[in-house]
Amino acid sequence: MPSDKVSSLLERNRNFNVALAPPYAADISRKLHSPGGPRGTVIISCSDPRVIPEQYFNLGRGEAAVIRNAGGRASDAIRSLAALDAIANIGTVIIVHHTDCGMTHMPDAGVRKMLKERAPELSEEIDGMQFGEITDVDESIREDVAFLRKSPLLSRDLDILGYSLDMHSGRLTEVE
Ligand SMILES: [Zn+2]
């Protein structure tokens, strides 16, 4: 039996408006790979349920791909970025980190402590893991923009931009 939460989500899904069904992936891919044509846009943003890229950018269906992870960290997004680039010929990546992010409240040491209690046999591996803690939002954006710009896995002519989001006003500020 699904929980009440899952039941509620499934019930809302039943109200999905099929009239808004998106185009097929193969058609989008063909268009984005056509010479001189448009290229794909990817937004990397935090998993935080209060911060929804489709809302703060008012995105339409098929307009941009969204990768979300804790903090919106680029190191975590790289696998998806590489796969999406193969599918959708990415031209622009927008990294968004936000104010009052959970990752500014939970240092990597705290995540490691919890994981070591849960899986002490993996202590050594856990010590070598990065969880993407953020001490300064502008600084983490600069770090992630630089990380992607120097990644040999991504196209050299990719436009990579970083923005901080004030989650209460919805205002985005470019971080150079
Ligand atoms: Zn966050």
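Placed from the backbone N, Cα and C atoms, the Cβ positions cover glycine too.
Per TrEMBL, the feature Zn(2+) binding site maps to Cys46, Asp48, His98, Cys101.
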Any further residue of that chain within 8 Å (Cβ to the Cβ centroid of Cys46, Asp48, His98, Cys101) of the recorded Zn(2+) site: Ser45, Ser47, Arg50, Val51, Gly71, Gly72, His97, Thr99, Asp100, Gly102, Met103, Leu165, Met167
Other CB atoms within 10 A, centred on Cys101 (Zn(2+) binding site): 23
Other CB atoms, at most 10 A from the CB of His98 (Zn(2+) binding site): 25
